[in-house]
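Take a look at the following structure, please.
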């Protein structure tokens, strides 16, 4: 059994977001490689030969579309950071406040559009599929911008802002309503002086399955919750067969996603990192391209001169 399979199955029971490995765990991942190359011509030669490409994306790819990350200094909604609201406990204590936060995020996302990085990935997938080659996007993002750009083979490991899950019957459904329920119309303002709406539970989003009417929650993985084992199994299969891996716009500190690319690299598969800055994993990769993903990624994924388009 490969290292990825063992670790993924062990971590499926651990929290997804904000979970960081201890320094000893980081040191055990694999030996550091030589300083990564930033030679685009060399990367393009590897890209031209790849048959199964896995692209792991994080908040950085969506930040260029104006999506707030709610991570780090200044990442507040009213007086709270995301980790104060995105928990089962917070929802149990105050579902109205949590729904205001997610209503605000949904409404913001409805006004955002894919940027050149999202589009380059989707166009690459479409083009290579005609050549018998595959691209899979494994994203930590919940904004659906990859889907909006046209990506078809997409694994959303943290869920989606535009899906709900019933707390009673467990039904999962896509939901693009704006507002998601009448009581949330005009609510969710992020200003710290805004008072909570204190919406009664019966007026919050309700399940529409026959005879249920249970309280809905966002279908996203909250702090303290396990990732979907089915999704992790799908990720495992894709990473086992990929012969090129790209890491785009992720800090490589949030586990278990941070372990994916280093373990692919450890078995000799080329990994290319596209990010605004270096990360704790940078020296484990063959390539590193620094700068905005919307600038660096399109030329990296453009049609190679050796490609034959029928």
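A Cβ is built for glycine as well, from the same backbone N, Cα and C atoms used for every other residue.
Note: TrEMBL annotation is automatic and uncurated.
When I checked TrEMBL for this same protein, it listed these features:
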DOMAIN    33-307  domain 'Deacetylase sirtuin-type'
BINDING   58-77, 140-143, 249-251, 275-277, 293  NAD(+) binding site
BINDING   102, 105  substrate binding site
ACT_SITE  158  active site, proton acceptor
BINDING   166, 169, 207, 212  Zn(2+) binding site
Within 10 angstroms of the C-beta of residue 249 (NAD(+) binding site), what count of other C-beta atoms is obtained when all protein chains are considered?
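Result for residue 249 (NAD(+) binding site): 25 other Cβ atoms within 10 Å.
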With residue 212 (Zn(2+) binding site) as the reference Cα, tell me which of the binding-site residues 66, 102, 105 is the closest one.
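So, spelling it out, the nearest of the binding-site residues is 102.
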List the binding-site residues among 58, 62, 66, 140, 276 whose C-alpha is within 10 Å of the C-alpha of residue 102 (substrate binding site), in sequence order, or say none.
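If one measures from the Cα of residue 102 (substrate binding site), no binding-site residues come within 10 Å, so the answer is none.
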Looking at the recorded positions 105, 158, 166, whose Cα is closest in space to that of residue 249 (NAD(+) binding site)?
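Answer for the nearest of the recorded positions: 158.
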Counting only residues 6+ apart in the same chain, whose Cβ is under 8 Å from the Cβ of residue 58 (NAD(+) binding site)?
139, 140, 141, 248, 249, 250, 251, 254, 257
Taking every protein chain shown into account, which of the binding-site residues 166, 169, 276 has the largest tally of Cβ atoms within 10 Å of its Cβ?
166
Can you list the residues of the same chain, besides 166, 169, 207, 212, whose Cβ falls within 8 Å of the Zn(2+) site's Cβ centroid?
167, 168, 170, 171, 208, 209, 213, 214, 216
At a 10 Å cut-off from the C-beta of residue 140 (NAD(+) binding site), count the other C-beta atoms across all protein chains.
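Counting Cβ neighbours of residue 140 (NAD(+) binding site) within 10 Å gives 22.
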Any idea what the Cα distance is from residue 169 (Zn(2+) binding site) over to residue 276 (NAD(+) binding site), rounded to a whole Å?
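Cα-Cα, rounded: 43 Å.
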When the Cα-Cα distance from residue 166 (Zn(2+) binding site) is computed for each of the recorded positions 62, 66, 158, which gives the smallest value?
158
Looking at the recorded positions 105, 158, 207, whose Cα is closest in space to that of residue 66 (NAD(+) binding site)?
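Smallest Cα separation from residue 66 (NAD(+) binding site) among 105, 158, 207: 105.
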How many Å separate the Cα atoms of residue 105 (substrate binding site) and residue 62 (NAD(+) binding site)?
13
